[in-house]
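As recorded in Swiss-Prot:
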- Thr53, Asp75, Gly77, Val78, Ser83, Asp101, Ala130, Asp152, Asp154, Tyr161: S-adenosyl-L-methionine binding site (BINDING)
- Asp152, Asp178, Asn179: divalent metal cation binding site (BINDING)
Amino acid sequence: MEQKTAPTQYEVKVQYNNSILNYAIDHSDQLTDIQKELIQFTKENIERHIMLTQAEQCSFFKLLIQVLNAKKTIDIGVFTGLSSLTAALAMGDEGRVVACDVSTEYTQHALKFWAKAGVDHKINLKIQPASKTLQELIDQGEENTYDFVFIDADKTGYDTYYELSLKLIRKGGIIAIDNVLQHGRVADPNANVEPNLVAIRALNDKILADKRVTKSLLPIADGITLITKIN
């Protein structure tokens, strides 16, 4: 009788805490003064500041964008503009960011910080459903031309954004998907099942089985999946 092999169980090597997180951030490329100012403004003035991209993500994305020599990026979910600002700062003057959001409530602040940083000419803010913006880019013949896409918006829309982004990203480009651990709830069988968790679990399973891409789910911040398409 064939014996089944038990799943490999992995262990955390380091028990992370705030001291270790700050040590890691301090030993990475530092945020610019304008990035720090945007973070401080958001924490002090925006009730939902938890939605802000984390500092460790910013230095990581800067590295990815520069390794890719990226010139065309997409930011799905702008909030107060930190991720778009990070992408714009990481690229040369020819770099462009298509920034997708549905509301001006928070992006009105983003516009001010982008201008203050001198990168507003690099960022094209589209206030409409991201799915519409992505489809418009496809219809304009921009398939397989984008270097980097960051998805951090409504979780129930992630599957649509993933599929459209796969059409737009070039071979060798990277799609980064945020919040794929849902504060650890994805691995908790007793977690309260609600639409966001259902959507993220389904997408994680879909990407795992997706033969079109190479993928790695990293426990950075609230979890980031990095994807590059094979063909």
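Yeah, the Cβs are placed from backbone N, Cα and C, and that goes for glycine too.
Rounded to a whole number, the distance between the Cα atoms of Asn179 (divalent metal cation binding site) and Ala130 (S-adenosyl-L-methionine binding site) is 18 Å. The number of other CB atoms found within 10 A of the CB of Asp154 (S-adenosyl-L-methionine binding site), across every protein chain shown, is 16. DSSP assigns Asp154 (S-adenosyl-L-methionine binding site) to coil in the three-state reduction, outside any helix or strand. When the binding-site residues Thr53, Ser83, Asn179 are compared by the number of other C-beta atoms lying within 10 angstroms of their own C-beta, Asn179 comes out lowest. Distance between Cα atoms for Asp152 (divalent metal cation binding site) and Gly77 (S-adenosyl-L-methionine binding site): 5 Å, as a whole number. With respect to their backbone Cα atoms, Ser83 (S-adenosyl-L-methionine binding site) and Asp178 (divalent metal cation binding site) stand 11 Å from each other.
Apart from Asp152, Asp178, Asn179, the divalent metal cation site neighbourhood in this chain, defined by C-beta within 8 angstroms of the site C-beta centre, holds Gly77, Phe150, Ile151, Ala153, Ile177, Val180, Asp222, Ile224. When the alpha carbons of Asn179 (divalent metal cation binding site) and Thr53 (S-adenosyl-L-methionine binding site) are compared, the span between them is 10 angstrom. DSSP assigns Ala130 (S-adenosyl-L-methionine binding site) to a helical segment in the three-state reduction. Around Gly77 (S-adenosyl-L-methionine binding site), the same-chain residues at least 6 positions away in sequence with a Cβ under 8 Å from its Cβ are Ser83, Cys100, Asp101, Ala130, Phe150, Ile151, Asp152, Ala153, Asp154, Asp178.
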